[in-house]
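Peer 1: I have a structure I would like to understand better, so I am pasting it below and will then ask my questions one at a time.
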């Protein structure tokens, strides 16, 4: 038993992280550290929203129309009312903005993450099959990916959701809006993953360890998932951060158009949308504060994504 | 090259076919044309008779063929709300949207090339860092929020620019009215164009920077330095030319994407273009108009992508045509 080896085992996870390339770069990059701190803070607040929020924004009984359009407590305009109960003010229905933002962030994050999970699942499966099987299957799937990519996600999502809404009526649509959003954002961006994974598979497929695995009698699924896929973990990781940021923006845009989360169950996008008309009467906070939260959330994810790309430096598929 | 052209056109036709199937399926399931036609007060027997006469009881394929035949001749149905051919309604709204896209494109090209090149050749200057910092913030702000903030600052607070609509555009020819003819029109289109360009501009700056950095690192640029050419000449003649090739192709595809973003911009600014019309049509369940919009926008996407692919195959001889199916 050598000394080095026992040292390795006695290290804590934190020490291992610090010693690693990723950890070193993280600890020497202020932007990455601040972004991570902000991101973790937002995620924690979103996850524990029911415990933190003073009001339940989904409960109409806790809303009083008399409390509508209260300004944030530090904003004492001549025509504005404030109430210490409502730190960030209230929206047009008299809903506490702070609680609504907490719940809204939670919804936005959840939709973003679930949509990207769906994208990753579809894209990775298709990429693996495309690269491993090759031939006609490969060219057909990649042609489909080209076509899918040539249509803007937002356009596809707007048309799909608009038609769905017209088809089912807004009552039913609003109830299942979250699933429609996840499905449409999740399905329309799979080629990003598929292309990257396929490129890895093509590069790895001819290597000896894959031959060895085949000789050992492992099935194709096992070889694809357990042996080849781990090679594309870092590009997948980088793509995922950017995709989560994009998915959150897409969700907000769709909700803003009235094709996403309803006002009774607002995400950040629907909060911004609900406050838009009040900007002309001077109630800027209803739109601006959720807007700032949305931008900060997306910005820190993008900054983390940029940092990850620089560190891991994977050969991303240039699309 | 010819085989590639044929294959590419065939693919475009196949995609248009798929779009038309989707469009027809929507038309078939969304709303009831009979109710729009006769209202509630007609008896069931007369309804059935009308259904037969209009061919609404025919099979899906028969109805689709009729629909496709009319669509190819430019007849996409009659809008329930406007009571005129849906295609005419869309074509009347098209100039407003195209002008918006044009305005945004001018802003994007005018700013992204100089900024992208500058950040690539002077990567460590403070200005470059500011540009890169602002551009990542720009990517993180959704278009509709940029639009709202622009309205809030420049229209509501400062009262410098109008907040909505097209004002009184100048009539040019046919039904084309332009906002680029006079100062008042330009004032109207300025904010919407900036809002529309706000999502693409940072992407293009980053793209041009990345391509330029890659080119500057290539062998032929090093050789040009070694040959003793002027630095400016290397930057702007030798490197920039090869930088712009991928940028043009990405840019062409993005023009199609911008049509999607016009929906957001037009909604915020109440710009009387196609996108705004589409959302109104959705709210009114004006099925023929929805379907016509779908086909027109699908056509724009397929057209831009096909043209861009063909141009790319033409100007870049290193493209491996066999990989692309030729």
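Backbone N, Cα and C define each Cβ position, glycine as well.
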Peer 1: Looking at B:221-242, B:243-264, which one does TrEMBL call transmembrane segment?
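Peer 2: Transmembrane segment, as annotated by TrEMBL, spans B:243-264.
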Peer 1: In TrEMBL, which of B:49-75, B:130-156 is tagged transmembrane segment?
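Peer 2: Checked against TrEMBL: transmembrane segment maps to B:130-156.
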Peer 1: Using TrEMBL as the reference, determine which range in B:81-99, B:100-118 is annotated transmembrane segment.
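Peer 2: That would be B:100-118, the stretch labelled transmembrane segment in TrEMBL.
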Peer 1: Using a threshold of three or more Cβ pairs below 8 Å, and leaving out pairs closer than 6 in sequence, do the transmembrane segment (B:243-264) and the transmembrane segment (B:9-27) count as in contact?
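Peer 2: In this chain the transmembrane segment (B:9-27) does not contact the transmembrane segment (B:243-264) - fewer than 3 Cβ pairs sit under 8 Å.
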Peer 1: Going through B:100-118, B:189-208, B:243-264 one by one, which has the most CB pairs that fall under 8 Å from the transmembrane segment (B:130-156)?
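Peer 2: Out of the listed stretches, B:189-208 contacts the transmembrane segment (B:130-156) most.
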Peer 1: Which sequence positions outside the transmembrane segment (B:290-315), separated from its termini by at least 6 residues, show Cβ-Cβ distances below 8 Å to it?
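Peer 2: 1, 4-5, 8-9, 11-12, 15-16, 19-20, 22-24, 26-27, 30, 71, 76-77, 79, 86-87, 89-90, 245, 248-249, 252-253, 255-256, 259, 274, 277-278, 281-282, 321, 324.
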